[in-house]
Amino acid sequence: MEPIKNLPRLCRTLSYEFKNIELLTQALTHRSAANKHNERLEFLGDSILSIVISDALYHQFPKATEGDLSRMRATLVRGDTLTIIAQEFKLGDYLYLGPGELKSGGFRRESILADAVEAIIGAVYLDSDLEVCRALLLKWYAERLAEIQPGISQKDAKTLLQEHLQGFKKPLPDYQVINIEGDAHDQTFTVECRIEDLSQSVIGVASSRRKAEQIAAAQVLELLKK
């Protein structure tokens, strides 16, 4: 298997340092690229993500019904959410794809990106243990868990924008951090959102990258409605 570049940078982005880097390499390898691909790791990661998020929601919402807990979990672990997480990690830059998938833009394909997130979760579990994996996932999901509430619509602006573009078979939005100001504990992020249908770029500014992306996505949705 050919080496994948910049894995140390990806580890920093993921906030996890692999002891066995081959596990990360395998997690990033699509079945079109090699016999030793990421599907088994994806199977494992899917189960781990489900139990960690289920446990977090159970304790966070002691009065929520089973139905509300199920709907919130579905929102947090569904493919659209995993695709957005993959985009936040810029996983498309690190995927190992076969020539056909590479040529057809597989590094942008939602299902491939979502599967890679689950595979990385499986790889982290094998490289460490369930508690380390749980702590990492809760860090990845901290803002989403803080924002989610039972009994209300669970779709945020980024998800709604993504679904809108998918409905018209358009490419996914591109989010880029164009400026970070302030000290480490008090930063302001400026994020640019670009989509194929708009010639102009849209800017979101907030105290975290994800919040800035949500603001930019909401503004794009408003422009698309006009």
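Using the three backbone atoms N, Cα and C, a Cβ is placed for every residue, glycine included.
Feature annotation from Swiss-Prot assigns active site to Asp46, Glu118. Annotated Mg(2+) binding site per Swiss-Prot: Glu42, Asp115, Glu118, in sequence order, evidence recorded as sequence analysis. Summarising the annotation, Swiss-Prot assigns domain 'RNase III' to 7-129. What Swiss-Prot lists as domain 'DRBM' is 156-226.
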If you average pLDDT over the domain 'RNase III' (7-129), what do you get?
93
Ten-angstrom check, please: count other Cβ atoms within 10 Å of the Cβ of Asp115 (Mg(2+) binding site), all chains counted.
27
Taking DSSP states H, G and I as helix and E and B as strand, how many residues of the domain 'RNase III' (7-129) are helix, strand and coil?
89 helix, 2 strand, 32 coil
How many other Cβ atoms are found within 10 Å of the Cβ atom of Glu118 (active site), counting all protein chains shown?
26
